[in-house]
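In TrEMBL this protein carries:
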REGION    1-25  region 'Disordered'
COMPBIAS  1-21  compositional bias 'Pro residues'
DOMAIN    118-195  domain 'Mug135-like C-terminal'
Amino acid sequence: MPPLALPNQGPLPLPAPPSEPPTDDDYFNAFDYRRLIEQGKLSRDARVTSTHLVEARLYEEKVLVARSADVAPPWLAGALQPLFDTNARIEARLGRMEARLDRMEARLGPIQRVGAKAHNVQCGKGDFIQLEEMPFHDNSLPTKAPHNLPLLSSVAVIDTLSQAHARSYFEGYYPNVDVPRGIDARRLAIKKAIGQL
């Protein structure tokens, strides 16, 4: 923090520049200076103007704020330590809970795929009952970010997939497998993956 500027020279001697951070004596000097300027103004001393009074008051406040901002009460660290300890324990527990949730999500992926496939087998071509969205091998959903693919609600939708969409679906359902060149082969593999063959 830059050193505090003294008020402009008035009719009375200025206090000594404050320490960094200001001490109790620095504040008392600013207080005393402001009080003397006030007395001059109240006694109608022509040398003391309203500007002198305002500057003295502002200087006193700056010293007080600088004194208060830089020095925490000695008891504060002791009072805050239990809160910091509790916060650290809560963060550790949250970390363990997040790890558990990640493991649970990984275990749910295969169950979701089996459930979606079982549903889709019973839906026919999806003309009357919409096909269930089946998660990719990595448990991400095709219609959500980062994929943002069209929903495969029926066989008719699969039959109209573009080259790019068919490629993305194939790669999601068959990771580490070479993508077939023909779009019909991709569409057939997608149907098989979601329970339509």
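Numbers run from 1 along the shown chain.
Just so you know, glycine gets a Cβ as well, placed from its N, Cα and C.
Annotations in TrEMBL come from automatic prediction, not curation.
The residues of the domain 'Mug135-like C-terminal' (118-195), classed with DSSP into helix (H, G, I), strand (E, B) and coil, number 33 helix, 0 strand, 45 coil. Mapped onto DSSP helix, strand and coil, the region 'Disordered' (1-25) counts 2 helix, 0 strand, 23 coil.
The average per-residue pLDDT of the prediction over the domain 'Mug135-like C-terminal' (118-195) is 96, rounded to a whole number.
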